[in-house]
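Peer 1: For reference, the structure I am asking about is given below.
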4 protein chains.
Amino acid sequence: MQGVKIVTIGGGSSYTPELIEGFIKRKDTLPVREIWLVDIPEGKEKLEIVGALAKRMVKAAKLDCQVHLTLDRREALAGADFVTTQFRVGLLDARIRDERIPLSHGLIGQETNGAGGLFKAFRTIPVILDIIKDMRALCPDAWLVNFTNPSGMVTEAAIRYGQWEKTVGLCNVPVISQKKCYEILGLNEEKQELFFQFAGLDHFHWHRVWNKAGKEITRDLINQVYSPENAGKYQIVKNIKEIPYNFEQIQDLGLLPCSYHHYYYLTADMLEDQLEEYKDHKTRGEQVKAIEKELFELYKNPQMDKKPEQLTQRGGTYYSEAACELIESIYSDKRNLMVVSTRNNGTISDLPYDCIVEVSSLITSHGPEPLNWGSFAPNVRGPLQLQKAMEECTIEAAVTGDYGKALQAFTMNPLITSGRIAAQLLDEMLLANREYLPQFQSKIAELE
Amino acid sequence: MQGVKIVTIGGGSSYTPELIEGFIKRKDTLPVREIWLVDIPEGKEKLEIVGALAKRMVKAAKLDCQVHLTLDRREALAGADFVTTQFRVGLLDARIRDERIPLSHGLIGQETNGAGGLFKAFRTIPVILDIIKDMRALCPDAWLVNFTNPSGMVTEAAIRYGQWEKTVGLCNVPVISQKKCYEILGLNEEKQELFFQFAGLDHFHWHRVWNKAGKEITRDLINQVYSPENAGKYQIVKNIKEIPYNFEQIQDLGLLPCSYHHYYYLTADMLEDQLEEYKDHKTRGEQVKAIEKELFELYKNPQMDKKPEQLTQRGGTYYSEAACELIESIYSDKRNLMVVSTRNNGTISDLPYDCIVEVSSLITSHGPEPLNWGSFAPNVRGPLQLQKAMEECTIEAAVTGDYGKALQAFTMNPLITSGRIAAQLLDEMLLANREYLPQFQSKIAELE
Amino acid sequence: MQGVKIVTIGGGSSYTPELIEGFIKRKDTLPVREIWLVDIPEGKEKLEIVGALAKRMVKAAKLDCQVHLTLDRREALAGADFVTTQFRVGLLDARIRDERIPLSHGLIGQETNGAGGLFKAFRTIPVILDIIKDMRALCPDAWLVNFTNPSGMVTEAAIRYGQWEKTVGLCNVPVISQKKCYEILGLNEEKQELFFQFAGLDHFHWHRVWNKAGKEITRDLINQVYSPENAGKYQIVKNIKEIPYNFEQIQDLGLLPCSYHHYYYLTADMLEDQLEEYKDHKTRGEQVKAIEKELFELYKNPQMDKKPEQLTQRGGTYYSEAACELIESIYSDKRNLMVVSTRNNGTISDLPYDCIVEVSSLITSHGPEPLNWGSFAPNVRGPLQLQKAMEECTIEAAVTGDYGKALQAFTMNPLITSGRIAAQLLDEMLLANREYLPQFQSKIAELE
Amino acid sequence: MQGVKIVTIGGGSSYTPELIEGFIKRKDTLPVREIWLVDIPEGKEKLEIVGALAKRMVKAAKLDCQVHLTLDRREALAGADFVTTQFRVGLLDARIRDERIPLSHGLIGQETNGAGGLFKAFRTIPVILDIIKDMRALCPDAWLVNFTNPSGMVTEAAIRYGQWEKTVGLCNVPVISQKKCYEILGLNEEKQELFFQFAGLDHFHWHRVWNKAGKEITRDLINQVYSPENAGKYQIVKNIKEIPYNFEQIQDLGLLPCSYHHYYYLTADMLEDQLEEYKDHKTRGEQVKAIEKELFELYKNPQMDKKPEQLTQRGGTYYSEAACELIESIYSDKRNLMVVSTRNNGTISDLPYDCIVEVSSLITSHGPEPLNWGSFAPNVRGPLQLQKAMEECTIEAAVTGDYGKALQAFTMNPLITSGRIAAQLLDEMLLANREYLPQFQSKIAELE
C-alpha cells in the first residue's frame, strides 16, 4: 500500500473528529491518502457538519489527504484499504427505545447488554452483512475495522456469517482500563511499565496485570480498587456508574472485571439506579442525545479545526483512537499488543473453537495473533460460556429472523427475567423496531 | 455377595416404606439379608414409627430379611454392601427456611434450586463426607446410592472430594418423565416401546425420545405437550406447577425439558406463584410438613403392613423405587438403562471431564456405563455450562467454608438476583443455618 | 417394516452362505422377505454358484423368502431396507498385489494395514460413494451395513463424504475376541457372564473385561494370555500369526490389544514371518484364493443346502453373523451391545468429534448408541491419534485423488518406512492398480 | 534484581565461550554481576580450561563481572537469578553409544531422536530433578533456562515432575531456521522483515512465515527450498544432512518442517546415510569428539580472549546465544518473540493441556506468553500427537524407572522398529548406560 484509503461507514457520527485526530497524530507512520466519510440520507446533515470539521482539521494539520463526503457507499468502498464502521441503525432514538422499553418492564435497559443489546444486534447485523457484500465486489482485500456495537457480536456475524476473515472488532473499554490502571498506580504508559492480559468477550472480559519486575499485581489491584474503603473511588468507564462490587466476590475472581460486569454482578443495584434515570428521562441515550446536540453546534463553528475537548464527555472516547492505532499497526506490522475481537481458535479453551473472543493480541500486518489464554476457573468459565452461547443464539436470530431463537436468546440472557415477561418484551421491541428489522417481518406482521 | 446388606442413612424418612416395598417386589432377584435403618437422635421417634412399619411389611411379605433400627451409624455400616442416603440435615424446618428466606427477598425459594438448593448443599455435603469417612473404615467395598438432594452436587462431592468412586446419584424426575411419556402416548412401559436418552445435570437435564420403529419423536412430543392448546394439560412432577412454557422457545430447544426448568425458563411466573404460597404459608416445605404428619399417623397403625397409597402424594415418589432398581441392577449385572448421576468422563463434551453429570447409563455390576451424548447446541450448552460451574463453586464452598466462593455461587445462580441483595440473602441464610454449617463458623461468628 | 428387503452388494462372495445361515437362524425374530444378491459381470459365475446354494439353503429351511440374483444394482436397491456390502474391488488378485508389492520392498503386505490397506481404501471408497448415490435415489431410508474392508475407513467415507448417516461398519474381530475370552475362561457367552468394552478404530482397538461380580479382569487376562509361559498359546484371529507380544509392554497397556496390533507392536517379527510366506507364494491372499476355489467347488454340489463347515477356515468368519445380528437388532430394537464403527461424537475424547470410531454400542432401532469411553492413557492415545489422522489423509486421498495427500498417508503409516522408498512403493502400486483408481488417473498417466 | 547472578551447570562445556560472548554483547542491557561455571569432578580439566578463557574474555571486554569456577553446585546456586543447564550426563562417550548401539541393530542412532534420544532423557532427567531440589532450597526465585537435550522432554520433566514453573526450554533450531530464511530471501533480520510462527515440540515443530506486507509466504518458501530443482541446496542445520524431502509430501503439509523431520519423513534414507558414518566410525558424536579436542586446544591458548570462530562448526551454535537473549528478555521485560519450550495450556489444541510445547512466545519479565496456535490439520496432528504421547511415556519411565513404560516408549517411537528387536535394543542400552541410570537399577541387575 502506498498511501492508504480509509472508508468510514457512519461518517456523520460525532466520533469522527477523534478518528481524524488519530490519523493526524500518526501522519509520520500512517500515510492516509483518502478518507471517505459515508452516511445514509437521514444522516446527511450531520455528515456535512462533521465532514466540514474533518476537512478543516486535515487542512490545519497540513495532512496530504483528501476527505470525501458521500451518501453512496459503493462509490466510497471501491479500492478501500480499511473500512471502519461506526454507524448506528435507527440513530439515537433506537438506543433510547433499547433503554426505555426494558426499563418500563423493570429490566436493565442498556445499549449493548440485556434486551437493548440484543436489539442493537438485530438491527445492525443485517447491515454489516450488506456492507460485506459490497466489499466483496469493490475492495476484496480491505480490512474491516468494526467498532459498531455490540462490537463482539457484530464482528462474529461479519466473520462467521459474512465470511470476511479480515475483520477486527474493537472496543474502548480495555484501552480505558489500562489507562486507569496506570493512573491509579502512578506509572508510565509510554514506557509500558505494566503488562496486561485480557480475555473474554466484548464488554464481558477480565484481565490480569503484571509489573515490570514480572510480579503479578492483579490481586493488589483488586484490593486497592475494590476494597470496601476505596469502594467506588475509581471511575473507570464514564457511562457506567461505579456502584461498589461485593468485595469478597471480586477477590474470589482473582481477576479484574470490566466495568460492564456491574450489570451482571450487581444487577439489582444497577437496575435501581437506571430506574431513577428512566423516571427523570435521563437514560444514557437521552443524555447522549443532548450532548450530541451541543457537540454538533460546536462542530459547526467554522473557526474550529481541532477535536473539541467536549467530545471526551461523549462516552465513546478512545474508540476511534483504538481504530487508528489498529490501522497503523496493521499497516506498519507494528507487533504491539491490543485487545481486539478476533477468532478464538482455541485461545480461550472454554469457548467454541470458531467463535469470536476479545483477547490481547499482537497486531501484525497479517492481522491479530492472540496471546494464548487457556482455561478459566469455574467462577468465570460458567458466566462466560453462557454469554457466548447467548450471543450465538442472538446472532443466528439476527441473521435468520427466527423468532424462537430470539426468544431463546431472551430466555438465556442474564439481564432479562425469563417467562412471559420476556416474550412480551421481545414482542413489544419487535414492533417498536419494525422498520429496521427486515428479517423479522413475518413475525412482526403476525404481531401487528 | 450372598445375601445383601443394605444400610439406609436417614432411615426414619417417610420414604422408607417405598424402599421396603421395592425390596419386597424384588425378592426373587435381589436377596436382601439385612436392612439397617439409621437415623440421628432427633429422628428417633420417626425412625421407630417407620421402622416398625418396615418390619411389619417385611414380615407380611415373608421376606427372609432382618430389619434393624439404630442411631449408631458405625454399627450399621460394618460390612454393608449398599448404603443409601435419604437424610435431610435440619429436617423439614430447614427446608422451610430455604424456601421462605429467599421468598422474603422476592427471590425463588426452592429446595434444590436457587439459594435454597445452595444451602441444602452447604448443610449436606459435610455430612456425606463424614459418612464416607466411616465407610472407608467399615465397608470399603460398598456402593453409595445417594438420593439426598441436591442429588447431583452431593454425588459430585462424594466422588470428587470424598473420592468414593462407587457412588451413584439418583433422582426420580427422569423416572416420572418416562412414565408420563408412556401415559401420554398410551404406550407400554414394560415392553420398552420407547427409547429415552437423558443428559444434563440433576434437576437440570433434557431428553430425546424415539419410538420402536426408530423414529425420533421428540418434536412430536414437544408439539403435543407444550403447544398453546395443550399448555399446562400434562402435570409431570407433582410439586412443580405446570405453568405453560413459551412454546416457541421449547420448539427452538428441540429437546424435552425437565420440570425443574420451569424455574429457569419461567422465573417471573414461578416466582409470582411462589409468592402466593409464601403469603399463605403454604410453601412446598410447609405443605410437606403437614403431609408428613398425616403419613406418620398412618404409619403408626399396627394393622398397616403395606406402603400406604397416600405416600404417593408426598412428592418424592419413585426415588426409593429408583434406588431399589439400581441396587438390583448392580447386584444382578442387569444392563438396563437408568438415568443416574455419575462421572462425566467426556459423556457430555461441553462439560469438564471430571465432573458429575446425570445421564442415561447402562447399569452393570461394575456400575453405570453412560451412553455417550456429545455436544449440545448453544441454547442448552450455555445454561448447562453455567449451572455446572455454579455447582462447582457451591461444592467448593460447602467443603471449604470459603465465604467469597459462596458469594460467587450466589452471584452466578440464575435464580438469585445479583448485587447487594445476594450478599444480604447469603448472610441471612448463614445465620439462620448456623447450627448446621460447621465449615462457615468463622464467617458466621463475624456476622453475629 | 413388514418383511424386510435385504440387498447384498458383492453377493457372489464366498461369505454369502454364512449370511443366509444368519437369516435362517433368525427366522422367528427377523422376517426377511427378499434377499437380493448383487454382483458385477466379472463375478457372475461365482454369483450363480453361491446364489444357487443360497436358494437351496432358504428352501431347505422353509424360509418364506425370495432370493434374487442380479448384476443390476439399481434394480436390486429399489425399496431396500438394509444394504450390506461385502464386495472386493479387483477381486483376490488385487489383494495379492496389496500383499506382494509391499513385501517386495521389505515392508508389511497386508489387506487392511500398511500400504495394502491404503490401496484397498483407494479402490473401495469411490465404489461405496457410488452405491450411496444409487441408494439416495432408490432406497432413501435404508441402512447401509458395511463389512467391506478396510471397514472403518470405508464407513467413515460413507458417513462423512457420502453423508449417509444410516451407515454402520462391522468387523468380526471383536466378535471373535469375545468368543475366545469366554473359551479361555470356560464361561458361558449365552449368559453374558462377561462384560466387554471395546474402543478404538477398526482393526486398531483395545478392550477391557469385567466379570459378573463387577470385578475388572483385564489384567488377569493379560497375565494369562500374554505371559511368557503362555505366549502364543491362544490363537485369536485365524489369519494372524500369534507371535508373542513383549509381555511388559502389554502389561503397561493395561488393556487387551486386538490381534491386528501384532503388525504395530511386533512389526519386525511379523515382517520376517510374512517374508517367508512371500518367498513361498503363500501370502494370505494366495492361500485364500486356493481356499475359495475349493469352497466354490463345494458350493456347486446340488445336494448341499447348508453352510459348509469349511467356510469357517476362510478367515472372515463371523462377519456375516455380525451383519445378521446387527440387522435383527435394528429391526427389533434389541438394545444389545455390539462393537461397531460409528460416529465418534465425543465417545473417545482423544479423537476428532466427527470421525468414525469402533466402539461398544447399544443397538437400537434408530442405530447404535455408543457407550462413552473417555480418554486413553498416552500409551494408547498417541498411536490411536496417529492412526486416525493417517486414515483421514487416506480417505481424503481416496475421494480426491490428491497424490500429495496419498504420499502423506504413506509417510505417516507406521508400517511403511518413510522416504524415497515410500514414494516408489506408492507409485508402483498406483500403476499396478490403475484400472481401479479413476480418481488418480492424471497422476497415473504422468507415471506411465 | 540489581546485577544478575548466573549459574551455568555443565560450565566446562565447549559452548561456554558463546555464552560469555552473549553476556558481553548485552553488557548495556543485562548487568551480569556473577557467572558461576559449575561442573562435576570428571569435567574438572575442561572446566578449568574453558573457565580460564571465560575469565580472559570478560576481562578483555571490561565487563564488571566475576567468573567463578566450582565443582560445588550448591555453593554456586545460592542466590542465583538464572540457572542455565548445558550438561551432558556420561559425556560424549554416552552420546556415541546412543548413536552406535541403535545403528548396530540397523536403526537410526541420534542424540535426541530414536533410541538415543530416549536414553539421553533417561540419563538427564534424574539429574535435572536433583538440581531443582537444590534450587528449591538455595535460589527459590531463580529461572531455570534449560538447553540440555532432549530439551523439550527435560523441560517437561522439570515443570511437571520437578514442579519448577519458572523453567524455560531452549533450542537453536528455530533460531537457525529463521536466520536461514532471511538469508534465502535476502531480507534483513534486524528489521524483522518477516514474521514467523512456530509450533510443535522441541526438534519436532513446523512453522509459517509472513512478509512485511502481511502476505503468508510459507508455500512460496516450500516451493523455493524443497522443489526438486533446488532439492538439498539449502543446508539448514549443520549436523543434519539435507537429503531432499519428497516434495509433494511437503507441499501437502503446507508448513515448513524443521530439519529434524528428516529422520521422520525420510527414515530409510537417513538411516542409509548414518550406516555409512557408522561403518567409518564417523557418527556425529565421534566427529564432535574430535572437534572438541581441537577446540579445547584452542581454548588453552592464553592469548585467546574471544570466542574462537571454530566453535561455530561445533553444531550447537546459537544455543547459548538463545539463552543470553532469553535471560535479557526476562530481565528487561523485552516482549520480543522467541521460540521456547513452555506449558501448552491450550496453545496447541491438539495436545494435552498440561504438557510442554515449543512455540513462538512473547518473552516478558514474568516468562513466556505463547501466541495461540490452535489445531493442526491431520497430516501434522497425528505424528505430533504420537510424539508427545511417546515423550510422556519416556519421561514417566525416566522418573520412575518403570521398564514396561520404557519398552512402551520404544514400541511407540517411530524411529525404532517394534518387536523383539526393540526389547533387545532397550536391554542392551540399559546395560551400556548402567552407571547413569539409578532409577533402572533393579531391571539392570536382572539383565546382568
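Cβ coordinates come from backbone N, Cα and C, glycine included.
Remember, TrEMBL labels are computer predictions, not curated facts.
Relevant sequence annotations retrieved from TrEMBL are reproduced here:
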BINDING   B:ARG95, B:ASN149  substrate binding site
SITE      B:GLU111  site 'Increases basicity of active site Tyr'
BINDING   B:CYS171, B:HIS203  Mn(2+) binding site
DOMAIN    B:198-416  domain 'Glycosyl hydrolase family 4 C-terminal'
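Quick one: how deep are these features, and who are their neighbours?
Peer 2: The secondary structure of B:ARG95 (substrate binding site), as reduced to three states from DSSP, is helical. Cβ contacts within 10 Å of B:ARG95 (substrate binding site), excluding its own Cβ and spanning all protein chains shown: 25.
DSSP assigns B:GLU111 (site 'Increases basicity of active site Tyr') to coil in the three-state reduction, placing it in neither a helix nor a strand.
Cβ neighbours of B:CYS171 (Mn(2+) binding site) (same chain, under 8 Å, six or more residues apart in sequence): B:PHE147, B:SER151, B:GLY152, B:ASP202, B:HIS203, B:TYR319, B:ALA322, B:VAL339, B:SER341, B:GLU358.
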Peer 1: Taking the domain 'Glycosyl hydrolase family 4 C-terminal' (B:198-416) alone, what is its mean pLDDT?
Peer 2: 95
Peer 1: Would you mind checking how many other C-beta atoms are within 10 angstroms of the C-beta on B:GLU111 (site 'Increases basicity of active site Tyr')?
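Peer 2: Around B:GLU111 (site 'Increases basicity of active site Tyr'), other Cβ atoms within 10 Å: 24.
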Peer 1: Near B:ASN149 (substrate binding site), which residues of its chain come within a Cβ-Cβ distance under 8 Å, counting only those 6 or more away in sequence?
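Peer 2: Counting only residues 6 or more apart in sequence, the Cβ neighbours of B:ASN149 (substrate binding site) under 8 Å are B:GLU111, B:THR112, B:GLY117, B:LYS120, B:THR124.
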Peer 1: Neighbour count, 10 Å Cβ-Cβ cut-off, for B:HIS203 (Mn(2+) binding site): what number do you get?
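Peer 2: Its Cβ has 26 other Cβ atoms within 10 Å.
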Peer 1: On the three-state reduction of DSSP, what should I expect for B:HIS203 (Mn(2+) binding site)?
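Peer 2: Coil, per DSSP.
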